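Reading through the structure tokens given below for one structure.
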């Protein structure tokens, strides 16, 4: 298992050889984008319940299990401790020592957000299925469809969960960063596509302007993914359907092109806190650098009329 990732072959073997592996589908679709839900489905859960899916997988709804007090107007924030415990139990996840494999139906899109969520609550043995469900299907992995079976009981009640210190940024942290000495503050890395960061392309969310926070650097999440043309079958993700994380050299080159030092402290953002987790996974994979994600992300930042917004390249 590459750090933070697991291959299709390794997962298939572990589902046979181990009893403690929980597989969780964390599919979330982005409307008005190549990552929108495929007809006739309106959500990741609907597509999961219809199948196909990895046998025995549970579903984690990133929007349902979200702490609205973190950023009231943005989706899929980290859950609070009670929400996390309920979601974990529903997925058959018990102690933080359990192995959890996350995947999504696009490839490598929303599953890193669940990976980040689990790690933010102290789980260490968690991985993203490299290439997601499209890679699993292409490799001939076992599949199931129709009504999913209930997740197995998680066993004895785990100790109370608590958010790991430093795993999350809120708007107050961004304000502090804006006012800090530029030579001493962490890198603030925005994972949106370049056009949205620079203000030349629209945001996919109605009423949300594009641009970026002054001092932020742009490292588009797609730059860290390796497309696989054989999996680009017209489904969600477009040419990035079934994409895998680039190898270490490719990840390092993507950070270098963005002007990001992956060994130095970073905080991550994107449109709504989702695709920043792809960059978080890349940082962890390359350097073991665990960076916080600003949950409110650009949705919250640009809506605050008191915060500066700039356009153009960083």
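Along the chain as shown, residues are numbered 1 onward.
Keep in mind that glycine also has a Cβ here, set from the backbone N, Cα and C atoms.
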Which listed span TrEMBL calls region 'Disordered', if the choices are 169-190, 191-212, 213-234:
191-212
Do any residues of this chain, six or more beyond the ends of the region 'Disordered' (191-212), have a C-beta under 8 angstroms from a C-beta of it, and if so which?
30-33, 218-222, 268-272, 275-276, 278-279, 298-299, 302-303, 309-314
Please count the residues of the domain 'Rhodanese' (17-145) that DSSP assigns to helix (H, G, I), strand (E, B) and coil.
35 helix, 18 strand, 76 coil
